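A.B. asks: Sharing the record's features from Swiss-Prot:
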type    : residues       : note
BINDING : 21, 24, 39, 42 : Zn(2+) binding site
């Protein structure tokens, strides 16, 4: 086997590295409710435009 064969990885099926933010491409805290697939930073920016309201 060549060294290049060791660098190929299969795609992740679960965990933090399995999903990316659809807006910025960041891995990590993804909000998946209603199929949003946004990280929490992007969600905070676009939530009012999507119709989400912040209650105290």
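Quick reminder: no glycine exception, Cβ is built from N, Cα and C everywhere.
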A.B. asks: For Zn(2+), what surrounds 21, 24, 39, 42 with a Cβ no more than 8 Å from their Cβ centroid?
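C.D. replies: My list of surrounding residues reads 22, 23, 25, 26, 30, 38, 40, 41, 43.
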A.B. asks: Looking only at DSSP and grouping its letters into three states, which state does residue 39 (Zn(2+) binding site) belong to?
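C.D. replies: Looking at the DSSP assignment, residue 39 (Zn(2+) binding site) belongs to a strand.
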A.B. asks: A 10 Å Cβ contact count, applied to the binding-site residues 21, 24, 42: which residue has the minimum?
C.D. replies: 24
A.B. asks: Counting only residues 6+ apart in the same chain, whose Cβ is under 8 Å from the Cβ of residue 39 (Zn(2+) binding site)?
C.D. replies: 21, 23, 24, 26, 28, 29, 30, 31
